[in-house]
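What TrEMBL says about this one:
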type: COILED; residues: 517-544; note: coiled coil
type: COMPBIAS; residues: 9-24; note: compositional bias 'Acidic residues'
type: DOMAIN; residues: 62-149; note: domain 'PPIase FKBP-type'
type: DOMAIN; residues: 177-268; note: domain 'PPIase FKBP-type'
type: DOMAIN; residues: 296-388; note: domain 'PPIase FKBP-type'
type: REPEAT; residues: 488-521; note: repeat 'TPR'
Amino acid sequence: MASRKETDVSDIEDGDDLEEEPGEVIDSAPPMKVGEERPLGRTGLAKKLLRRGRGWETPELGDEAAVHFVATLTDGTRFDSSRDRDEPLTLKLGQGQLVSGLDHGIITMKEGECALFTVPPELGYGAVGREGVPPNAAVRFEVELISWIRVVDICKDGGIVKKILVKGERNEQPSDLDEVLVKYRVALPDGTIIAEALEEGFEFYVKDGHLCPAFSKAVMTMKKGERVKLLIQPQYAFGDKKFGNSDQLHNVPPNSILDVDLELVSFKPVIDVTGDGKVLKKILKEGEGAFTANEGAAVTISYAARLEDGTVFEKKGLDGEQPLNFVTDEEQVIAGLDRASATMKKGELAMVTINHEYGFGSVEVEQDLAIVPPCSDLIYEVEMLDFIKERAPWEMNNSERIEEAGRKKEEGNLLFKAGKLQRAGKKYDKAADYVGEDGSFGDDEQKLVKALRVACWLNAAACSLKLNNFQEAIRLCSKVLDYEFYNVKALYRRAQAYMETADPVSAELDIRKALDIDPVNREVKMLERSLKQLQAESNRRDAKVYSNMFAWMTKDTSKSIKHLFCLLKWWSRSSTLPSIHFSLVI
């Protein structure tokens, strides 16, 4: 039996003066104290803490852990030790390379932690035992967790296995739109290098991929500064195809497994500003703080604007030019630049790619430095120098909120008259927000506030009708009618929306209510006539459909026809459907 060395885990300095990590929790129980022993679950496995570890992370099953251990029987007889060999043991946790119970103990440990585990026979060597361990014997393992490597099965099918060699910074990971800078080396299982990035690394957009499908999938799981080793199976590499003699790849046999060293040096987030891929903002330099310039903010920006071929057609705030000042969401600049600026933080530098639909459209435009041809896509390199956000309702007192609501309503009216319906609708929505129901307005203010809300909702409903957004028009008119059930204008506009959504019954009800309130209202009467015409046309179409249904029938089916005729007459009498008249000879 080997003699016990002076480097035993229990001989290492206790380190009990280390402070607990904030929020440290082990299995929802209080942190263990040095010298305390505690069962782990109900399996009979027990853990005694000999020295605290560092940090708060613990390994998981599947990870690779480097440990020193001393294994003994319960009477202290040693039967195995990595310290005697003066070499840590690397374990693939979950595979029971020593005993299965020990793996479940190690996953409770932190880096640098030392613990003594008592393993029952069923989690140890069982009824068979091993050399130095009798059958059905409990054993003890004194373990020091030196380090571990996180192992991730990226696709959950073993196709791309990632071992994290160096952890990354922060928690952000690239998305498929982002541009990443990576360093890599790709080798075959025999060590043959088939591809390698230059010293400065290689940039590519994640969605476009690079070399093989595994690169994009792996990069999206990584953090800035993270270094990993990838084991890539053929289905995520090059499959059964052969690659070779190109600038990037050399002599890759079919069905090759790839061994890849990969580092995510950095990445530039790309934001789809408009949600349709037509205005993309790539962040070149992060801005300050957490706030962005919102809609209605007064912003100051500098930029250089160019065509896709590199022709610069305008500069602001550069080379002696004054910066540009404008208010977002006021159509003072092209829509793409406007929308992108509203998403930027102070000090942010971004490259904004703008489709011509959000630029100058299909017309030729003469700018300061060059002519922009029709249907030109544009590239702006923009820096947000400063902005002043539009004041939110909660930042104002009641009189200021009422004044701002009135001002925005009037701005909406001007936009409506100019035919700018979407912007008008947004102005009305903002105006209504300033005098929302959450405000604690006094009794003397309630009448004015209520009138402002109703006017804004009705005007916004008018915008929605013209924009064919009929469900929104119905919603806004219904809000008005919750306040004023007798509001003829709300009933009239909601009836219009119901007619457009093929709901004549609801339209007729609203028209009747409106005429009960104002029997001589000319517009409502005209709408009633339009509804009757629609119902008459619908009846004629239905009658024609039914007559065509009967035309092919013969006298042999007269009984069935009579039955169907009775059924249809009953149907036509329904209060929810227009009446149908039949003239059949049986």
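Any Cβ shown, glycine's included, is placed from N, Cα and C.
Predicted automatically and left uncurated, TrEMBL annotations should be read as such.
Helix, strand and coil residue tallies for the domain 'PPIase FKBP-type' (62-149), in that order: 14 helix, 38 strand, 36 coil [DSSP].
Under DSSP, residues within the domain 'PPIase FKBP-type' (177-268) fall into helix, strand and coil as 13 helix, 39 strand, 40 coil.
In terms of DSSP helix, strand and coil, the domain 'PPIase FKBP-type' (296-388) has 10 helix, 40 strand, 43 coil. Across the repeat 'TPR' (488-521), DSSP classifies residues as 27 helix, 0 strand, 7 coil.
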